[in-house]
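**Student:** Here it is, the structure, as structure tokens.
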């Protein structure tokens with residue numbers, strides 16, 4: 001193993017001046033906020049989508065058990081639900097982000 | 001986490017194995033140090049393997065759309081991360097787009113021409129513009145609800161884009177990790193990269209060779 005205990009921190013010249021600058025401080029906090037927002041939103045989406053899917057599947061299996069809807073109709077409902085989810089996902093890719101307005 | 005309890009020393013020898021020890025405390029299931037997010041994550045999916053779960057294809061969803069959304073997300077994340085170190089990554093500090101001294105990435109300006117060595121900021125600029133052009137191309141990333149993805153969208157476009165976006169992570173890890181540490185962005189960088197790796201792994205998008213300089217780090221994230 002290489003002994004690194006005496007190795008100096010290799011930061012570029014003028015690092016601390018630049019790091020303290022208003023500009024750097026600002027991009028760093030924008031970056032942190034972005035990730036916080038992103039992961040909150042992403043988890044929220046993944047979780048609520050799973051819950052929606054669960055509810056739809058429960059509803060469909062209920063309908064099947066009661067024989068109130070034919071197989072064809074059940075498939076249609078499921079496909080229709082997936083199509084709606086697909087559209088929501090596509091809009092997420094295209095949605096204007098906060099940063100577009102900064 | 002430091003074994004000897006000695007002074008905190010950041011070493012930077014262009015080898016991922018030396019950076020590893022600094023990655024260990026930060027990489028984990030905690031998404032951010034921010035309390036709210038931590039709570040959200042713990043309350044909902046549980047803190048174990050949240051990201052592993054989140055990358056999975058939702059039931060019944062089109063794999064192309066799921067990959068397209070992630071391409072855009074990782075593009076935005078890398079843009080944000082690189083944006084924080086633009087002051088420290090200049091044509092003077094990084095005249096070539098390298099990751100360790102063993103890997104150099106060249107940019108091809110025109111089809112059929114020989115790829116050339118460019119500075120790291122130039123490479124990132126070209127790469128980001130190239131991604132943006134693909135996103136804006138309705139025949140590749142359809143925006144209309146009726147729009148279809150091109151045949152072999154994943155193998156032809158997604159893989160190519162992720163392979164290139166990875167190089168920005170590689171450059172940041174290998175040449176700007178100390179700056180990232182000083183700016184206290186290591187958690188954000190590690191979370192983003194871990195998410196990127198888990199996603200690539202889930203859909204088998206990148207080969208070990210694509211991870212070149214960070215292979216060691218990637219293996220460690222995988223085994224975690």
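Every residue, even glycine, has its Cβ placed from backbone N, Cα and C.
A TrEMBL annotation is a machine prediction, not a hand-curated record.
The following feature annotations were taken from TrEMBL:
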- B:89, B:94, B:171, B:176: Zn(2+) binding site (BINDING)
**Student:** DSSP on residue B:94 (Zn(2+) binding site), three-state: which is it?
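**Tutor:** Residue B:94 (Zn(2+) binding site) sits in coil per DSSP, no helix or strand.
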**Student:** What other residues of the same chain, not counting B:89, B:94, B:171, B:176, have a CB atom within 8 A of the CB centroid of the Zn(2+) site?
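**Tutor:** Other same-chain residues with Cβ inside the cutoff are B:85, B:88, B:93, B:120, B:121, B:172, B:175.
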**Student:** Counting across all protein chains present, how many other Cβ atoms fall within 10 Å of the Cβ of residue B:89 (Zn(2+) binding site)?
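**Tutor:** The Cβ of residue B:89 (Zn(2+) binding site) has 21 Cβ neighbours within 10 Å.
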**Student:** Would you count the other C-beta atoms found within 10 angstroms of the C-beta of residue B:171 (Zn(2+) binding site) for me?
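**Tutor:** The Cβ of residue B:171 (Zn(2+) binding site) has 25 Cβ neighbours within 10 Å.
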**Student:** Counting only residues 6+ apart in the same chain, whose Cβ is under 8 Å from the Cβ of residue B:94 (Zn(2+) binding site)?
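**Tutor:** When sequence neighbours closer than 6 are ignored, residue B:94 (Zn(2+) binding site) has B:119, B:120, B:121, B:171, B:175 within Cβ distance under 8 Å.
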**Student:** Starting from the Cβ of residue B:176 (Zn(2+) binding site), draw a 10 Å sphere and report how many other Cβ atoms land inside it.
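**Tutor:** There are 26 such Cβ atoms around residue B:176 (Zn(2+) binding site).
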